[in-house]
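Report on the structure given below.
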Amino acid sequence: MRSPVSSSRAMRAEAGPRRISILGATGSVGTSTVDVVLQQRAAFEVEVVTAQSRADELAAIAIRLGAKLAVVADPDAHGALVAALSGSGIAAAAGPAAIIEAAARPVDLVVAAIVGAAGLAPTLAAIEAGADIALANKECLVCAGTLFNRRAAAVGVGVLPVDSEHDAIFQALEAENASAVDRITITASGGPFRTWTLEQMSRATLAQALKHPNWTMGRKITIDSATMMNKGLEIIEAHHLFDIESDRIDVLVHPQSVVHGFVAYTDGSVIAHMGAPDMRIPIAHCLAWPKRVAVATPRLDLALAGTLTFEKPDLERFPSLQLARRALESGNWATNILNAANEVAVQYFLAGEIDYLDIAATVESALDLATATVGGAEVGSIEAALTIDAEGRRLARETIARRGRLRAG
Ligand SMILES: NC(=O)c1ccc[n+]([C@@H]2O[C@H](COP(=O)([O-])OP(=O)(O)OC[C@H]3O[C@@H](n4cnc5c(N)ncnc54)[C@H](OP(=O)(O)O)[C@@H]3O)[C@@H](O)[C@H]2O)c1
């Protein structure tokens with residue numbers, strides 16, 4: 001096991017405001033990041049903010065933060081962005097290539113908060129440019145974890161885990177005692193269907209799946225939480241961040257979301273991390289690391305929280321967890337397929353075109369089919385990662401079309 005910041009060469013040495021860029025600034029993690037930065041205005045200078053298409057929201061953020069450049073991935077949103085920034089002196093750009101270019105502008109830290117595999121190329125560009133990464137976009141590691149780590153180590157940048165469970169492990173991990181770690185545990189709320197039977201789940205609606213009990217998040221990760229694929233992706237994320245094998249990473253369902261993760265050492269000690277379920281807490285930790293800054297966030301009141309409970313996840317009702325472990329055992333090509341197929345299946349579910357239980361079934365089918373087409377392929381470059389990603393998407397669409405035809409009789 002190792003600390004994910006062991007190769008950071010920049011952040012310990014800086015003086016003056018930390019220069020940052022925020023990729024995915026209009027999203028749930030993005031806007032929480034904006035909030036933290038606004039609370040600690042003097043501590044940060046913002047270079048770049050990006051979004052997919054919500055130009056007006058992005059322009060408002062750029063103006064509030066005094067960013068130098070705002071970029072939308074969608075070229076059709078360029079006109080609206082230019083208009084909304086008019087007179088502000090902030091530059092505007094558009095298109096996926098412009099996002100990658102912007103991510104590579106020299107800064108100390110890039111907050112990677114784009115959702116999905118779309119974040120991989122910009123985040124790798126930021127690494128190549130020498131920025132430390134505050135990583136929310138776990139799909140980067142699921143798509144190409146070995147490549148990601150290899151490039152981060154070669155360039156000498158650190159990866160700070162924004163995901164609350166991984167930030168918890170990061171904080172509970174004594175870097176000098178990493179070799180004395182026995183196991184790590186990440187917790188899961190269990191999502192809205194924690195107590196539902198499979199029969200009930202077969203009738204779960206989109207509105208029910210989008211109703212997360214504890215966290216307010218973007219739509220994709222909210223559905224991933226309902227299927228518990230999010231925890232599967234997080235097992236893979238933990239493996240790459242901390243260089244620890246799948247069979248030493250445990251998942252515990254903890255509906256109160258107070259304990260986010262813990263590290264068990266070989267002497268029997270267990271160090272747990274607690275906090276209110278608010279992403280501004282891990283974000284503030286990553287933005288200021290290795291210092292801490294004062295941020296107005298909900299405070300944990302254990303007397304109010306009352307009883308804390310923990311239970312093992314039910315792998316029959318939540319098969320995504322096992323699919324993720326199976327993919328992790330098979331290698332980067334398989335986790336890449338898992339991610340791509342899951343992104344497609346979640347999109348179809350969000351569009352009302354497949355049922356909740358079809359999500360995991362689609363991912364499993366894509367994984368099975370991919371063994372014959374890309375099984376064992378190396379994910380040694382961004383091009384290879386994107387090729388396998390495209391195959392995962394194709395296989396997922398094919399599976400959904402086939403199941404649709406079967407149902408139609
Ligand atoms: N939300 C949480 O509490 C949380 C916690 C831990 C980890 N994470 C992880 O953090 C990442 C972001 O999650 P989120 O919930 O913040 O997502 P979100 O609310 O959906 O926000 C996604 C952000 O990415 C932008 N974006 C979407 N597609 C893009 C593309 N193809 N190219 C460039 N930008 C694109 C969006 O722009 P528009 O606004 O213009 O669409 C938005 O700024 C995910 O990987 C998630 O797993 C989230």
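Heads up, residue numbers simply count up from 1 along the chain you see.
Keep in mind that glycine also has a Cβ here, set from the backbone N, Cα and C atoms.
Features reported for this protein in TrEMBL:
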{"type": "BINDING", "residues": "Thr26, Gly27, Ser28, Val29, Asn137, Glu139, Gly218", "note": "NADPH binding site"}
{"type": "BINDING", "residues": "Lys138, Ser164, Glu165, Ser189, His212, Ser225, Asn230, Lys231, Glu234", "note": "1-deoxy-D-xylulose 5-phosphate binding site"}
{"type": "BINDING", "residues": "Asp163, Glu165, Glu234", "note": "Mn(2+) binding site"}
{"type": "DOMAIN", "residues": "20-145", "note": "domain '1-deoxy-D-xylulose 5-phosphate reductoisomerase N-terminal'"}
{"type": "DOMAIN", "residues": "159-242", "note": "domain '1-deoxy-D-xylulose 5-phosphate reductoisomerase C-terminal'"}
{"type": "DOMAIN", "residues": "274-394", "note": "domain 'DXP reductoisomerase C-terminal'"}
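Recorded features from TrEMBL, shown on the structure.
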| residue | record | DSSP (3 states) |
| --- | --- | --- |
| Gly27 | NADPH binding site | coil |
| Asn137 | NADPH binding site | coil |
| Asp163 | Mn(2+) binding site | coil |
| His212 | 1-deoxy-D-xylulose 5-phosphate binding site | coil |
| Gly218 | NADPH binding site | coil |
| Glu234 | 1-deoxy-D-xylulose 5-phosphate binding site | helix |
Listed binding-site residues adjacent to ligand 1, that is, members of Asn137, Asn230, Glu234 whose C-beta is under 6 A away: Asn137
Site of maximum Cβ density within 10 Å, from binding-site residues Gly27, Gly218: Gly27
Set of same-chain residues at least 6 away whose C-beta sits under 8 angstroms from Asn137 (NADPH binding site): Leu23, Gly24, Ala112, Ala113, Ile114, Val115, Gly116, Gly119, Leu120, Thr123
Among Thr26, Ser28, Asn230, the one of these binding-site residues whose Cβ has the fewest neighbouring Cβ atoms within 10 Å: Ser28
Tally of residues which DSSP labels helix, strand or coil - the domain '1-deoxy-D-xylulose 5-phosphate reductoisomerase N-terminal' (20-145): 64 helix, 28 strand, 34 coil
Distance, Val29 (NADPH binding site) to Asp163 (Mn(2+) binding site) (CA atoms, angstrom): 10
Neighbour tally for His212 (1-deoxy-D-xylulose 5-phosphate binding site), based on other Cβ positions within 10 Å of its Cβ: 18
Confidence summary for the domain '1-deoxy-D-xylulose 5-phosphate reductoisomerase C-terminal' (159-242), mean pLDDT rounded: 97
